[in-house]
Amino acid sequence: MTDTAPTDITTATDITTATGAATGTGRGPAATARGHAALAKTQVLIEALPWLSRFQGATIVIKYGGNAMTEPALRAAFAADIVFLRYSGLRVVVVHGGGPQITAHLARLGVESTFVGGLRVTTPETMDVVRMVLLGQVNRDVVGLVNDHGPFAVGLSGEDANLFTARRRPAIVDGQEVDVGLVGDIVEVRAETVDALLDSGKVPVVASVARGIDGGVYNVNADTAAAELAVALGATKLVVLTDVEGLYADWPTSDEVLSELSITELEQLLPTLAAGMIPKMEACRRAVRGGVPQAHVLDGRVPHAVLLEIFTDDGIGTLITPDRDTANRVAPAAPTAYSGGRP
């Protein structure tokens, strides 16, 4: 037998139909069905709730690069993610490089890019182009995309307020040091300016150049810069966007992605990694060893990858944690009124 509502009981459809007729809105049964279909979207919001509570007020440093920086749809999605995080009460810092853009601009000038030991040979003339592209093009583009949603992003470089100080770094080839010009290692971070911007509700967007201890200007690795800044800020998370799904268990034999590693497990794997992943995983290692509780490597080719990692139970990519916290991802419990949801 099919159950039906008693004739003396007003159903939800009756109320909706009557209300629509009375108000002229036309919200009849079809509108009700659409409303019920939209209920599925609430599950996404409910899943995000404990994570929103946990990370309210947390500082997150995101290294932005790869396809997420070059494909228009991914660039727009990334900017929307940043604004969503800001509205959700997180303190967000973006650190970027711009290797492909620098190479393209040098090519237009008829200058061939040369790399030694994975480092760009950076002459004074090349450094002029690096600064011009990173500060005048890439940084302004990122700031503009975020500010399409409101006056949030502020662009700066590692030179500003002596944010990053670097010393000259040689490349190592066959165990020998090779001079690669104005390439530096960060030796000091003064994060007061970034902290002040975060306190005022802004999103600092930082280009990866640094002032040298000798007064010069140096090209620094953006992955390293993001890690050093995360440590200096006492960040809760470092997120590194890449063009792969995460850290593979046994590439190229297998495409299985390691969802989580302890810092010790990562250090054991580092010597075996492909050259392109070493700077990114070394940045994660540096951040976690420096006190950042979590470091993530995410596939920047996935739209809204940052939101998927932070606000869903499963997450994506590879998570690096301290040795004391190697449990699988589990959604945090809802905060008590006393805790206020602080991480």
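Every residue, even glycine, has its Cβ placed from backbone N, Cα and C.
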According to Swiss-Prot, GLY98, GLY99, ASN219 bind substrate; so which of ARG75, ARG86, ARG120 is the extra one listed there?
ARG120
With a 10 Å radius around each C-beta, find which of these recorded positions (LYS63, ARG120, LYS280) has the fewest other C-beta atoms nearby.
ARG120
What is the nearest of the recorded positions GLY99, ARG120, LYS280 to LYS63 (site 'Transition state stabilizer'), using the Cα of each?
LYS280
Which one of the binding-site residues (GLY98, GLY99) has its C-beta surrounded by the most other C-beta atoms within 10 angstroms?
GLY98
Around the Cβ of ASN219 (substrate binding site), other Cβ atoms within 10 Å, all chains included, total 26
Around the recorded substrate site, report the further residues of that chain (criterion: Cβ within 8 Å of the mean position of the Cβ atoms of GLY98, GLY99, ARG120, ASN219; site residues excluded), sequence-ordered.
GLY97, ILE102, THR103, THR122, VAL130, LEU134, SER208
